[in-house]
Amino acid sequence: MSDESASGSDPDLDPDVELEDEEEEEEEEEVAVEEHDRDDEEGLLDDTSLEGMCGTEHAQLGEDGQRPPRCTSTTSSQSEPSEQLRHQGKILASEDPKKKRAQKPSHMRRNIRKLLREDQLEPVTKAAQQEELERRKRLEQQRKEYAAPIPTVPLEFLPEEIVLRASDGPQLPPRVLAQEVICLDSSSGSEDEKSSRDEVIELSSGEEDTLHIVDSSESVSEEDEEEEKGGTHVNDALNQHDALGRVLVNLNHPPEEENVFLAPQLARAVKPHQIGGIRFLYDNLVESLERFKTSSGFGCILAHSMGLGKTLQVISFIDVLFRHTPAKTVLAIVPVNTLQNWLAEFNMWLPAPEALPADSKPEEVQPRFFKVHILNDEHKTVASRAKVTADWVSEGGVLLMGYEMYRLLTLKKSLATSRPKKTKKRSHPVIIDLDEEDRQQEFRREFEKALCRPGPDVVICDEGHRIKNCQASTSQALKNIRSRRRVVLTGYPLQNNLIEYWCMVDFVRPDFLGTRQEFSNMFERPILNGQCIDSTPQDVRLMRYRSHVLHSLLEGFVQRRGHTVLKIHLPAKEENVILVRLSQIQRDLYTQFMDRFRDCGTSGWLGLNPLKAFCVCCKIWNHPDVLYEALQKENLANEQDLDVEELGSAGTSARCPPHGTKVKGEDSALPSSMGEATNSKFLQGVGFNPFQERGNNIVTYEWAKELLTNYQTGVLENSPKMVLLFHLIEESVKLGDKILVFSQSLSTLALIEEFLGKRDMPCLPGAEGQGTQKWVRNVSYFRLDGSTPAFERERLINQFNDPSNLTTWLFLLSTRAGCLGVNLIGANRVVVFDASWNPCHDAQAVCRVYRYGQKKPCHIYRLVADYTLEKKIYDRQISKQGMSDRVVDDLNPMLNFTRKEVENLLHFVEKEPAPQTSLDIKGIKESVLQLACLKYPHLITKEPFEHESLLLNRKDHKLTKAEKKAAKKSYEEDKRTSVPYTRPSYAQYYPASDQSLTSIPAFSQRNWQPTLKGDEKPVASVRPVQSTPIPMMPRHVPLSGGVSSASSTNTSMNFPINYLQRAGVLVQKVVTTTDIVIPGLNSSTDVQARINAGESIHIIRGTKGTYIRTSDGRIFAVRATGKPKAPEDGRMAASGSQGPSLASTSNGRHSASSPKAPDPEGLARPVSPDSPEIISELQQYADVAAARESRQSSPSISAALPGPPGQLMDNSTIPGTALGTEPCLGGHCLNSSLLVTGQPSGGRHPVLDLRGHKRKLATPSVTQESIRRRSRKGHLPAPVQPYEHGYPVSGGFAMPPVSLNHNLTTPFTSQAGENSLFMGSNPSYYQLSNLLADARLVFPVTTDPLVPAGPVSSSSTATSVTASNPSFMLNPSVPGMLPSYSLPFSQPLLSEPRMFAPFPSPGLPSNLSRGVSVYPGYMSPHAGYPAGGLLRSQVPPFDSHEVAEVGFSSNDDEDKDDDVIEVTGK
């Protein structure tokens, strides 16, 4: 499990708060990040992101109770009309399946969807861009009118940086000056290179283009332009002190405003680049003292690399803000492990007045006059936190808190003082303290007012790249802040993909870059398409153009300064990559693991979260002892050993337990928030089990037992990585250099400690004569991970950095705990033991030593296992870093890898090259590395190389001025015109799954053998047009009494696919290439259901119809139908729904109470059988039935036409769907209550009630009384007939279609032998007397199809039959079968009710046809589910969804190929 700092879990939170963190983690796993998160665009083999994985965090995602709508994945293949805007409620799948193109491999380039025209952009986007344009124009005007003696930027604003549109700003009349030159041809930069005459600003005025020319006196040299590419105030030649040593902040201010200077102690400390950063913050957040009072301000991103002193710049700006503006409160949200560091920085640079000595001079040191409040681990209760917040609001000043603390205090669902632990059974009633509840509500209101609405005057987010998942609850909470003055501090603005960058920019400048879809079309896809070595020349050109445009759009409020600033002031830094060979045991384990994965097919690499594989492989290539220990302990939390942020969520993870503690199984599931390919909560595996427990979702190590049977632990040489690590440690100590070792695996850190305890320390310089010493923790080495308390961290860091400390030489750190807010300049050597998925983490780890204060040359060693997944991850790091350099730094890194190399994670080499006997060390200058190559050449696959060599800036690829203008021009033209690109599918084509490895035999069976499989089925496209809402799907219990357990619930549904196939059901696993949206209804509590593109689903086709089963257990019944028939009351009639006869439900649980009395106003009234409505509907039925018989064709799909209550359904024949839907009946549309006859024979029942399924009659009829008496007496028909061929069902028996239906043409009129079980509440003439010849076969006492039910003659016959009635056999329209029992089903679960159907009868008019289907209906619609009793104690719980249905009808001429997805969800 990722440790505390990695997750950022707040140590100042009590255990209840930690539970909230776990909830955040679980919720951010469910995002979509689409997320990603957002890691949501970071799917394993995601063709959209070079990250490939993400969530979300993950996640992520709206985790509060009121979840916001998910962002539509930019890689989703659903068709989006170009008119779609941000606030549209629905996404229509309008793409014609005939127009779909063949899918492309993931590594190939992708086309770009239609771009939105300029007039289709969101108004908020236009307004945001216009505001920024006007702000920059005002600043430029001030620079011209009030020129400072020492300007900070060139006096002339770079002309090509301003691109105006007529709709965005006032038009300027074209003017031509004598010295101007108009350049109409921008295809080449030769003219610009030959001449330094003039710049050109392109202005578009709607219909025509007008060129406005700027005088040549305002042109800017190429060198100045180079300096401008990092944003404003980046020219350090102008960021200088004045003659008196002061630092003026508000350059070019109006004369009526006062000069704003830094405090003297700050002015002496700041460096030129920091002066530029302070001025940059002032320009964006304040702009001018007068405008601060009237405007809401702007946000900005201070993107200085790690170690450039962002904290000092912010402290200096806060001091200026409080001294010269009316601002009163500043909220600083920082990672929890940097809280103490921030407080120490404030006290050092701006000491409190009482901390100053009495003789201090104001001209030397100015104390702060504001207070610094902090919420840390000392504030355990909500009341104490509320007091700190209230003091901050009343007194003003700065409030420091962690990200998780802010989320907990601002999200309504998170705030709680304590949470009672979940128990299996409550022995006493729950007592609710109303006064405490009122206090909690008051605290919540106070927090919301102080932190969000209206919130502080300025918000500062340190390490702001954590705001990378637009749907993560932390991001959502931050965006709720009303203040627009938002500052993000980050040394790594672009980590994994451009969507994360967009999310962070969207926080500081909402809507500036448009919606996520607009940004993806304009920038993300073009930039990604040209990133690799196999990209087309057009792709590369467009990539370079769009990278420059994106950089120039943001340079007004994103200031980027890189490590080039540090190189001037710090010693040299050398970063080498050592590619390490695997030992024999490691290679055997790795081969075995890969073999199992490949044999698993789509359920392996393409179906599992790759982070699980990464965890297992990390144990292999770090050292087999780590894998062996996990195998021996059977640690349920093994996959959370990795200290990786994404393993928990895009934003946070649960706190890492202290080393050696046991983690509960339910918290051990490996989340998949690295930008999951789908957004399902827990995607299931091949087994049909939608109720799989999360605790079972773990990685097992059965596959490794045989190889590790006689394994000898404690052998250092079993891992070449470990051998090289100890060589680097010992040689560094011999040279007198302190060294840091970073690993993301906590178990690996523990193993390193074990080996250290067995080895002697090397001889220190000058101490050769002294005896040897052992490595001792907290004496000769330190360890820091997420479980280290904050105060202990500070002590260890200060002690390690102390130059007088000559006993401690080694510091072991977890990558996520030690990469933020830790200053370890006491060391000058770093070993990154394993590569992180996110390159930001390794880069931040390196910068712990390479920062201000470092006195020695720095050496960094990256150990990477070659020919493994780790090498692929390192390659991805290079690609991500190259994209960051290109977009953020406007550099031109080399293209080193093909897209296939980057995106294909499955890297398996059967045979490694032979070990080398020697390595060429001519290019290696560092002595420790030279000695390693000489001593261990057989452990290294190739000569070590510098990490920066893969990121060289190709200055020859730098855009010329003309190319830059062409880039901006093409960008503007693309926005103005709708580019006619085709719109193929952008899906990932890979079914993402979070299933457990235990569900795959290859990983759970020791002697498993792979089975031969045929070719994979082709990927199918399943596209819905209309659908019904998701009703409740009952969970079924075994026949034994009592409440069902989780295990029994699981096993009841977890039958294998081959069982279905043997039973004659076709099961096909396919991958959807487009999002399938299943809209809900206003009358339903269900929101839109969705099957995401790339999700693995099963198509189940049998005699009862066609179904779709998703990987998370949802079942969709596919129907062919068309447009709905308009009912008289203007609403869609809910057909087959059951009203007051249903048992009441509460919170998803079946209630044992009797049904409530029906509301007379809501019940339908009986209709006279002589009414014109009935006669006309009977005639309609007769016509259709006759037409069906006359066709003499194969059975067709019947589509139900709903109508008002009591109205008969019409049938129309619709061709089969593309899925090959079998003939089926409109399931819930035809119920027994809708069976009619013509004129009642004999006049026995003068009243014809066609609405019996809506309610029971107020006064039971004589027929009903007789039915109840017969039911209680238990009349049973004749013995069981021999089986013929039958219907396969999962309950353990088969239903013969012929022997039960030999009397289907018998008259409907009631006879003496009528089956009383099926009478229901309707008059007897509605019932089919001999429709089901044998009740014991329909309601068998035994579930074994081979054991016929024996005769029962006791008085308990009815009870026996009732107790064995499978719940799926209950027809919703027969509520009278058991008068005292209320059925829980609101509609059929399968495709059609076969129990009763309107078969021809002499009782109908003579012109009605006798034509019937091939398989006349006789079964319940619940025939596909296991048998369960009718006892109330056995009725499973149900979700508290309101059940609503929508029927659809169609004419044969309209929408013949429309599909309707009938959903039966949990």
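The chain as shown is numbered from 1 upward.
Placed from the backbone N, Cα and C atoms, the Cβ positions cover glycine too.
Quantities reported herein were computed from a predicted structural model and do not represent experimental measurements.
Under the heading region 'Disordered', Swiss-Prot lists 1-137 (among others).
Feature annotation from Swiss-Prot assigns compositional bias 'Low complexity' to 72-82.
Per Swiss-Prot, SUMO2 cross-link is recorded for K114 (among others), and the stated evidence type is similarity to another entry.
A 10 Å cutoff on Cβ-Cβ distances gives K126 (SUMO2 cross-link) a total of 17 other Cβ atoms nearby, all chains included. DSSP classifies K126 (SUMO2 cross-link) as helix under the three-state reduction. Under the heading SUMO2 cross-link, Swiss-Prot lists K126 (among others), citing similarity to another entry as support.
Residues or ranges marked as region 'Disordered' in Swiss-Prot: 185-235 (among others).
Within the same chain, residues at least 6 positions away in sequence whose Cβ sits under 8 Å from that of K271 (SUMO2 cross-link) are G309, H569. As annotated by Swiss-Prot, SUMO2 cross-link applies to K271 (among others).
Residues or ranges marked as ATP binding site in Swiss-Prot: H304, S305, M306, G307, L308, G309, K310, T311. K310 (ATP binding site) falls within a helix when secondary structure is assigned with DSSP. Within the same chain, residues at least six positions away from K310 (ATP binding site) with a Cβ under 8 Å of its Cβ are G277, L302, H304, D462, L489, G491.
The annotation region 'Disordered' is assigned in Swiss-Prot to 649-670 (among others).
Under the heading SUMO2 cross-link, Swiss-Prot lists K664 (among others).
Per Swiss-Prot, SUMO2 cross-link is recorded for K681 (among others).
Feature annotation from Swiss-Prot assigns domain 'Helicase C-terminal' to 727-895.
DSSP assigns K758 (SUMO2 cross-link) to a helical segment in the three-state reduction. Taken from Swiss-Prot, the feature SUMO2 cross-link applies to K758 (among others).
Summarising the annotation, Swiss-Prot assigns SUMO2 cross-link to K900 (among others).
Feature annotation from Swiss-Prot assigns SUMO2 cross-link to K1013 (among others); the stated evidence is similarity to another entry.
What Swiss-Prot lists as SUMO2 cross-link is K1017 (among others).
The region 'Disordered' annotation in Swiss-Prot covers 1026-1045 (among others).
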Check: same-chain CB within 8 A of ATP site center, minus H304, S305, M306, G307, L308, G309, K310, T311: G491, R561, R851
Length of the line joining the Cα atoms of K758 (SUMO2 cross-link) and L308 (ATP binding site), in Å: 40
Cα separation, M306 (ATP binding site) to K126 (SUMO2 cross-link) (Å, whole number): 34
Lowest local Cβ density (other Cβ within 10 Å) among recorded positions: H304, K758: K758
Cβ contacts of S305 (ATP binding site) (under 8 Å, same chain, 6 or more positions away): G491, R561, G562, H563, V565, L566, C847
Rounded mean pLDDT for the residues that make up the domain 'Helicase C-terminal' (727-895): 84
For L308 (ATP binding site): intrachain residues, at least 6 apart, with Cβ closer than 8 Å: H273, Q274, G491, R561, V565, L566, Y852
T311 (ATP binding site) CB neighbourhood, other CB atoms within 10 A: 20
Fewest Cβ neighbours within 10 Å, where candidates are the binding-site residues G307, G309: G309
Set of same-chain residues at least 6 away whose C-beta sits under 8 angstroms from M306 (ATP binding site): G491, Y492, A843, Q844, C847, R851
In three-state DSSP terms, the structure that H304 (ATP binding site) belongs to: strand
